[in-house]
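Data first, discussion second: the structure below is written as structure tokens.
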Amino acid sequence: MAPAQNPISSQHVVVIGAGAAGLVAARELSREGHTVVVLEREKEVGGLWIYSPKAESDPLSLDPTRSIVHSSVYESLRTNLPRECMGFTDFPFVPRFDDESRDSRRYPSHMEVLAYLQDFAREFNLEEMVRFEIEVVRVEPVNGKWRVWSKTSGGVSHDEIFDAVVVCSGHYTEPNVAHIPGIKSWPGKQIHSHNYRVPGPFENEVVVVIGNFASGADISRDIAKVAKEVHIASRASEFDTYEKLPVPRNNLWIHSEIDTAYEDGSIVFKNGKVVYADSIVYCTGYKYRFTFLETNGYMNIDENRVEHLYKHVFPPALSPGLSFVGLPSMGIQFVMFEIQSKWVAAVLSRRVTLPTEDKMMEDISAWYASLDAVGIPKRYTHKLGKIQSEYLNWVAEECGCPLVEHWRNQQIVRGYQRLVSHPETYRDEWDDNDLMEEAYEDFARKKLISFHPSHIL
């Protein structure tokens with residue numbers, strides 16, 4: 001839409017969550033002139049990047065009375081994209097040579113990502129906006145504004161009114177557990193990757209890992225360091241897939257999907273192979289869930305599609321007072337959070353206008369129809385994949401901010417190609433030095449780094 005003709009408006013906005021999305025949302029809202037309060041349940045900023053050795057009391061996270069742990073980070077986790085493309089556009093995620101405790105690798109550990117987010121919060125004085133150890137209990141629309149009930153870790157309740165709510169609570173807390181015929185009578189151990197931390201508990205076991213992308217690829221190889229055998233069940237594989245991989249201890253196999261589990265401990269794959277397993281690890285993703293949010297029926301979640309959202313951000317009937325930052329998964333997440341946040345901030349200040357409710361609903365219906373036409377299931381509505389660059393550039397144009405850099409887009413493309421073709425080595429061996437050079441020269445030209453690019457290159 002064209003820039004709005006209305007006078008600039010300052011809103012009182014609450015941001016739910018102080019992870020990467022919440023932090024950059026708070027910054028962009030504040031830059032736009034809004035007053036901002038961030039509500040965060042943890043004791044520090046960082047969201048899902050805060051590692052905890054604790055796991056939930058229910059390893060599958062199905063028991064509604066379980067003790068909930070919000071981190072899904074495992075001890076050995078490293079990023080699956082180069083650090084240059086991960087950072088916010090004006091605060092590069094580059095090595096900190098002034099601190100020997102920091103991880104300077106191009107694909108660093110989860111601890112380095114958390115440290116980067118803490119650096120970002122300090123640089124822009126974001127922590128002064130954050131109320132820590134606050135759980136959001138309920139959010140609902142009231143007379144054109146939003147009422148937010150929350151409580152402290154000590155049980156003290158708060159009831160406040162805001163002009164707008166920006167939901168940045170993430171979507172890595174409610175695990176999705178794949179259905180396996182016969183699993184109820186299967187006698188072995190079961191755990192979702194949300195509760196996986198270290199491989200030790202699987203020593204000398206035969207383990208089946210369901211899922212072979214990102215966490216599945218990582219965790220299967222982590223467990224294979226100590227397990228007797230690890231068998232990966234991959235939905236992306238052909239039905240007759242059966243391949244032995246020589247790493248890390250010549251004890252890792254890739255299969256097609258699981259067909260059935262039996263009470264004698266056996267797992268039968270669709271390729272006909274039978275494995276007697278001790279444990280199953282589900283690396284099968286997560287569900288969107290917003291238990292605190294009351295929208296009077298305007299929104300719902302259907303097969304993991306959050307309905308209805310204009311461009312994955314604004315629910316037409318409740319916009320612009322309610323918005324979501326960070327729903328789409330995969331790709332350049334931090335930059336997506338930043339661009340979406342700029343859009344939300346500009347819309348709330350009336351510097352940019354949204355289409356009418358009817359026009360937004362028409363756009364959503366057309367989007368759903370396009371997914372149906374090519375056979376994409378509802379559960380993949382928020383997986384942008386190859387169209388993420390097009391999506392981000394559209395949002396950037398809406399709010400008048402720069403488009404995503406060429407080098408950043410290409411690092412994503414080539415990074416994922418390496419991940420698929422060389423899952424064992426892609427983090428430490430790469431073939432895109434040209435893109436890394438382009439990135440650091442870009443940082444230097446914009447005066448975003450204090451060292452010469454040759455120090456890295």
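Cβ coordinates are placed from backbone N, Cα and C, and glycine is handled just like the others.
Feature annotations, courtesy of Swiss-Prot:
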type    : residues                                       : note
BINDING : GLY17, ALA18, GLY19, ALA20, ALA21, GLY22       : FAD binding site
BINDING : GLY211, ASN212, PHE213, ALA214, SER215, GLY216 : NADP(+) binding site
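Structure with Swiss-Prot features highlighted.
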residue: GLY17; record: FAD binding site; Cβ contacts under 8 Å, 6 or more apart: VAL38, LEU39, GLU40, GLY47, VAL167, CYS168, SER169, GLY170
residue: ALA18; record: FAD binding site; Cβ contacts under 8 Å, 6 or more apart: ALA26, VAL38, GLU40, GLU42, VAL45, GLY46, GLY47, ALA121, LEU126, VAL130, PHE132, CYS168
residue: ALA20; record: FAD binding site; Cβ contacts under 8 Å, 6 or more apart: GLY46, GLY47, TRP49, LEU117, GLY326, GLN333, PHE334, PHE337
residue: ALA21; record: FAD binding site; Cβ contacts under 8 Å, 6 or more apart: GLY47, CYS168, GLY170, VAL325, GLY326, PHE337, SER341
residue: GLY22; record: FAD binding site; Cβ contacts under 8 Å, 6 or more apart: VAL15, ILE16, VAL38, GLU40, GLY47, VAL166, CYS168, SER169, VAL325
residue: PHE213; record: NADP(+) binding site; Cβ contacts under 8 Å, 6 or more apart: ALA236, CYS283
residue: ALA214; record: NADP(+) binding site; Cβ contacts under 8 Å, 6 or more apart: ASN80, CYS283
residue: SER215; record: NADP(+) binding site; Cβ contacts under 8 Å, 6 or more apart: SER72, TYR74, SER193, CYS283
residue: GLY216; record: NADP(+) binding site; Cβ contacts under 8 Å, 6 or more apart: SER193, VAL209, ILE210, ILE232, SER234, CYS283
To the nearest whole angstrom, state the Cα distance for the pair GLY211 (NADP(+) binding site) and GLY19 (FAD binding site).
26
Express the distance between the Cα positions of ASN212 (NADP(+) binding site) and GLY19 (FAD binding site) as a whole number of Å.
26
Other residues, Cβ within 8 Å of GLY17, ALA18, GLY19, ALA20, ALA21, GLY22 Cβ centroid (FAD site):
VAL15, LEU23, VAL24, ALA25, GLU40, VAL45, GLY47, CYS168, SER169, GLY170, GLY326, PHE337
Test of understanding: give the count of other CB atoms lying within 10 angstroms of the CB of GLY19 (FAD binding site).
25
What is the set of residues, excluding GLY211, ASN212, PHE213, ALA214, SER215, GLY216, whose C-beta falls within 8 angstroms of the centroid of the C-beta atoms at the NADP(+) site?
ALA217, ASP218, ILE219, SER220, CYS283
Let me know how many other Cβ atoms fall within 10 Å of the Cβ of GLY211 (NADP(+) binding site).
22
Under a three-state reduction of DSSP output, how is ALA20 (FAD binding site) classified: helix, strand, or coil?
helix
Does DSSP give ASN212 (NADP(+) binding site) helix, strand or coil?
coil
